[in-house]
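Peer 1: In case it's useful when we look at the structure, here is the feature table from Swiss-Prot:
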DOMAIN    26-62  domain 'LRRNT'
DOMAIN    140-190  domain 'LRRCT'
CARBOHYD  67  N-linked glycosylation site
CARBOHYD  159  N-linked glycosylation site
CARBOHYD  276  N-linked glycosylation site
CARBOHYD  407  N-linked glycosylation site
REPEAT    83-104  repeat 'LRR 1'
REPEAT    107-128  repeat 'LRR 2'
REPEAT    224-266  repeat 'EAR 1'
REPEAT    270-312  repeat 'EAR 2'
REPEAT    316-363  repeat 'EAR 3'
REPEAT    365-408  repeat 'EAR 4'
REPEAT    412-455  repeat 'EAR 5'
REPEAT    457-499  repeat 'EAR 6'
REPEAT    503-545  repeat 'EAR 7'
SIGNAL    1-25  signal peptide
């Protein structure tokens, strides 16, 4: 910041003018985003910070502090940010949470305190959180003795949704959930006088973290993801396709109103620009290969959606067909599939009166083939082969995911069932491991899910904490199976499948601002992983194998 060092009448004039500015305006002008943070008008994300940013609150609704070095959460530590609705405190160094630590946060709904080095949580640490709906304490293991009684009672009384609190001891409670403990009445009563020291101990909760296995995984990886290339623009979706032995990538860029097509450069060993399809608020670019023809469905929020075809004489994509605006108002996803050697695609419509529609190729063009349910604001569509039968799974903001089955007689999709107890699912993706069908279901806040088909229904395999997730994408490179879980509030997580435990384990954290899609691309015996970013730069990671013998 430059300081005024001049004197005279001009200096006095500037000083007088400054005094006329309201104090709040002066503070707002001086406010800066700390070097360790990333700030927008509504959110702050800090990595490795030693303090809570003292930024003028404005409309700040979410604050994320990750890998911080501060040692305690003091009383009223966040009271200068009264508009907070989400507070994420993950993988920090603090050991103590004091009484009234979150005082002043009357609108806080989501509080995540996972994977820290907590030793003590004061009895009144959560006092004043009247609007709290979600609390997550995972990554901490509790000694479920008398010192945990206050938390046990609080869990019984709170209306908030609280993650499972697992007990590490004593032996009779080991691996049990704290809220499933019968009672502390017998263990925590005495006929003798209770000393002040005993009372103080009863107000504290001792935790111990068991990170040995996790540290081992990170110290001895067999593979890794490293940044290969950074693209200087925002994006919301990435699709890949092959044509004539070359690999291409289509990237939707709504802010630049482009569908950028990249090709792999075999000489420079990176992805370079090949063509650019312009439009209005493009949210999706989906490639369709039919015989020797290459089409790209370009979904737009305004001006209708269109289909482009690659013209070899012009060596570029040219408009081939319009998609009527009356059917698709707010496209949110495009899914390509084949049934009986015929090519279809579906556009999920997320508008209030949306009408998700299936389109079919008829050798001359694509025409609307079947309109699915309306008024459900569909956010995603996934084509799935279940026991040899074709199905569509539609996720929606207004109901649980529904399953439609292809009727061979009518050659239309008909309702077949749903996935119960899975409200607010944004996206559904299918994948297979060892011939077993799995689904990944994305939730923005709460828990995303991995589910498995057991020949009768989909059953839960694993819950993954979601912190502002818009995508949970499965992908594989050779025998390595991964899940990428995006986050708008902290690091995105890459999970790797553990064959022995039959679950996904945390493998690596990557930082991508507001990730919207993850896409695997392989070429020249190299494997890449595109991470689109709605608010920052699009990143391309390379999957590498680490030789531990070196």
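Just so it is clear, glycine is given a Cβ too, placed from its N, Cα and C backbone atoms.
Bear in mind that the values here come from a model prediction, so they are computed numbers and not experimental data.
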Peer 1: Count up the helix, strand and coil residues in the repeat 'EAR 5' (412-455) according to DSSP, in that order.
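Peer 2: Across the repeat 'EAR 5' (412-455), DSSP assigns the residues as follows: 0 helix, 33 strand, 11 coil.
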Peer 1: Once the chains shown are all counted, how many other Cβ atoms turn up within 10 Å of the Cβ of residue 67 (N-linked glycosylation site)?
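Peer 2: Excluding its own Cβ, the number within 10 Å is 16.
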Peer 1: DSSP secondary structure for residue 407 (N-linked glycosylation site), reduced to helix/strand/coil, please.
Peer 2: strand
Peer 1: Fill in the CA-CA distance, residue 67 (N-linked glycosylation site) to residue 159 (N-linked glycosylation site), as an integer in Å.
Peer 2: 30
Peer 1: Count the other Cβ atoms sitting within 10 Å of the Cβ of residue 407 (N-linked glycosylation site), across every protein chain shown.
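Peer 2: That number is 13.
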Peer 1: Counting each residue once, how many in the domain 'LRRCT' (140-190) are helix, strand and coil under DSSP?
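Peer 2: Result for the domain 'LRRCT' (140-190), in helix, strand, coil order: 18 helix, 10 strand, 23 coil.
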Peer 1: Quick one: pull the CA-CA distance for residue 276 (N-linked glycosylation site) versus residue 407 (N-linked glycosylation site), whole Å only.
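Peer 2: On Cα coordinates alone, these residues lie 39 Å apart.
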Peer 1: Can you check what DSSP calls residue 67 (N-linked glycosylation site), collapsed to helix, strand or coil?
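Peer 2: Residue 67 (N-linked glycosylation site) sits in coil per DSSP, no helix or strand.
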Peer 1: For the repeat 'EAR 6' (457-499), report the average pLDDT of the model, please.
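Peer 2: The predicted confidence over the repeat 'EAR 6' (457-499), as a mean pLDDT, is 95.
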Peer 1: I'm a bit unsure how to read this: which one of 83-104, 107-128, 224-266, 365-408, 412-455 has the highest number of Cβ pairs shorter than 8 Å with the repeat 'EAR 7' (503-545)?
Peer 2: 224-266
Peer 1: Rank the glycosylation sites 159, 276 by the number of other Cβ atoms within 10 Å of each Cβ, and give the residue at the low end.
Peer 2: 159
Peer 1: How does the repeat 'EAR 2' (270-312) divide up by DSSP, counting helix, then strand, then coil residues?
Peer 2: 0 helix, 33 strand, 10 coil
Peer 1: DSSP-wise, what's the residue breakdown of the repeat 'EAR 1' (224-266) into helix, strand and coil?
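Peer 2: The breakdown for the repeat 'EAR 1' (224-266) reads 0 helix, 31 strand, 12 coil.
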Peer 1: Measure from the CA atom of residue 159 (N-linked glycosylation site) to the CA atom of residue 407 (N-linked glycosylation site) and give the result in Å, rounded to a whole number.
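Peer 2: Residue 407 (N-linked glycosylation site) to residue 159 (N-linked glycosylation site), Cα-Cα distance: 45 Å.
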Peer 1: Quick one: do the repeat 'LRR 1' (83-104) and the repeat 'EAR 2' (270-312) have at least 3 Cβ pairs under 8 Å, skipping pairs fewer than 6 apart in sequence?
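Peer 2: Contact between the repeat 'LRR 1' (83-104) and the repeat 'EAR 2' (270-312): absent.
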